[in-house]
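Report on one structure; see the data block that follows.
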Amino acid sequence: MDAIVAEAVSKRFGETQALDQVSLSLRPGTVLGLLGPNGAGKTTMVRILATLLLPDSGRIMVDGHDLLRNPQAVRRVIGLTGQYASVDDKLTGMENLILIARLLGQSRSQARTRARELLRDFSLEEAAGRAVQTYSGGMRRRLDLAASLVGNPRILYLDEPTTGLDPRARKQLWQRLRGMVAAGMTVLLTTQYLEEADALADDIVVIDRGRVIAKGTPDALKEQVGGQILRLRPRDPLQLAEIAEAVAALIGEMPDVDGRTVSCPVSDPALLTQVVRRLDEQGLALQDFSLRGASLDDVFLKLTGHRAESGETAEEGDQGA
Amino acid sequence: MPDSNHRFFDGLNQTLTLAWRTLVQIRHNPWELGDFSIQPVLFLLLFLYVFGGAIAGSTEAYLQFILPGVIVMNMVFVTVYVGHGLNMDLTRGVFDRLRALPIARWAPLAGRITADLVKQAWSILLLLAIGFLLGYRLEGTVMGLLGMSLLLLTFALAFSWVMVWIGVIARDPEHVQLFGFTALFPVTFVSNVFVPTESMPPWLQVVVELNPVSLLAEASRGLLNGEAFLQPALWSMAWALGIGLVFAPLALRALERRLASGSSP
């Protein structure tokens with residue numbers, strides 16, 4: 001039985017179709033990466049799966065419980081760590097964890113023991129007695145994660161867990177997540193970092209403007225792009241457009257032009273020689289060129305028509321308060 | 001329905017746990033305590049020693065008049081914390097974390113309001129204690145004193161819904177305070193808390209006598225000073241009922257809407 005099955009979930013906020021017939025499923029003990037730019041609907045999907053928001057239509061089963069009929073049963077098996085599901089700044093780390101343990105029905109001593117255990121696991125023992133407002137970003141995020149684990153959930157939702165963390169703290173959090181998954185945890189992870197999805201996810205669902213535009217394993221998705229990416233950098237930057245046109249004539253579509261380079265997916269190895277010959281004939285000189293394996297970045301670009309980062313300036317459609 | 005009974009008691013437990021959470025914050029942030037204790041004490045001292053003689057002839061006489069009034073005024077101001085705290089939970093994501101837990105749906109709000117009642121009781125005690133230190137004489141009975149506390153807590157409970165409503169519709173905690181205090185200042189000052197109604201122009205007297213703050217102040221004076229209190233007490237309870245009936249549904253609907261809009265952050 002799948003840990004999560006969502007079928008044709010739709011949600012509209014006024015004029016905005018935040019989710020349009022989104023379906024996904026998550027196998028127990030695996031990580032599903034929900035990938036998309038800001039405003040794609042990732043957070044809306046997580047909020048629905050966490051029973052915080054009702055979908056307009058669709059069917060959702062979480063750990064065998066119908067989410068719409070029995071949300072309380074769903075809440076018993078999930079943990080939520082999100083950009084917005086947060087801890088209380090004014091309490092200490094210890095108190096935050098005790099609060100949640102007590103709310104989950106644990107006795108005072110059980111709550112205390114569980115809180116100590118988690119503080120130790122997340123290297124927060126020394127800060128246990130300090131108010132959370134004095135914590136660093138990384139410590140906060142660790143406490144957030146610890147707070148979502150108090151009730152030993154089977155399924156964990158992580159909504160952009162590493163946004164705003166420095167690279168070291170991010171890698172440490174990845175390490176922890178891998179450990180948890182190895183111990184049997186099922187994780188739904190949303191992220192706008194392709195690298196993160198690549199590093200952690202067993203399966204990926206790419207959404208853009210509320211629609212699923214691709215799903216599969218990271219490797220299968222990269223395969224979809226065509227395996228390899230050709231990058232060309234002209235010696236004279238003014239010839240960028242001419243080179244792009246020359247390539248377009250060969251591959252039948254306009255390649256991606258980004259600052260000083262032209263790049264395009266390559267499925268046929270013969271293309272490389274054709275491109276080089278064509279440019280030579282036209283007298284277009286190259287500074288350098290490269291052929292490398294596709295990254296999820298390329299997948300994203302191909303699927304959405306824009307780079308992942310370009311979405312960052314846009315407001316997330318489902319949170320414009 | 002033993003199951004639903006069981007669930008109800010779980011909900012009560014969760015409410016108390018969440019009230020504990022709000023109160024334990026004061027330990028780490030003692031300034032908050034200062035916010036709702038020092039300010040009314042300053043008001044009391046200021047009015048007592050600066051205006052007391054001019055208004056009532058002597059400081060002693062004025063203390064008998066102003067102490068019950070300041071207690072009422074402070075009760076009204078302390079309700080702002082419900083809205084402030086709720087808004088903070090909504091904007092910072094704590095509310096979402098709580099809602100994703102398998103707890104009673106009403107517990108987070110009930111926890112806030114319960115914590116507020118504890119703060120209210122503390123404020124009443126503190127002001128009474130300071131009043132006694134300054135020479136206040138209880139001329140009524142201890143029952144009267146308890147009656148006053150009950151009256152004020154009941155009104156606070158009803159009035160909290162106004163602040164819950166403001167807490168839900170305000171964009172951030174700062175706006176709650178701004179809204180709250182801006183609205184409450186005229187309500188508390190255009191009353192008989194500091195001066196007797198007789199000295200005001202007739203048109204203002206009408207407003208002042210209808211103001212629930214005046215009615216509560218009058219009832220509190222009656223209960224503490226051993227004078228008549230029944231009529232203003234009943235009228236202020238009628239106000240409490242009216243406010244509760246209007247604002248509780250309004251606040252709950254606004255909360256529902258805010259949560260459903262997906263814009264709770």
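Yeah, the Cβs are placed from backbone N, Cα and C, and that goes for glycine too.
Record features (TrEMBL):
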- B:31-258: domain 'ABC transmembrane type-2' (DOMAIN)
- B:36-56: transmembrane segment (TRANSMEM)
- B:62-82: transmembrane segment (TRANSMEM)
- B:121-138: transmembrane segment (TRANSMEM)
- B:144-166: transmembrane segment (TRANSMEM)
- B:233-252: transmembrane segment (TRANSMEM)
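Only sequence-distant pairs (6 or more apart) were considered; of these, at least three Cβ pairs between the transmembrane segment (B:36-56) and the transmembrane segment (B:121-138) are under 8 A, so the stretches are in contact.
When Cβ-Cβ distances below 8 Å are used as the criterion, the transmembrane segment (B:121-138) is approached by residues 36-37, 40-41, 44, 48, 60, 63-64, 67, 70-71, 74-75, 78, 145, 149, 152-153, 224 of the same chain, each at least six residues removed from its ends.
Through the fold, the transmembrane segment (B:144-166) approaches residues 68, 71-72, 75-76, 78-84, 86, 109, 112-113, 116-117, 120-121, 124, 128, 138, 176, 179-180, 212, 216, 219-220, 222-224, 226, 229, 233, 236-237, 239-241, 243-244, 247-248, 250-251, 254-255 of its own chain, all at least 6 residues removed from its boundaries and within a Cβ separation under 8 Å.
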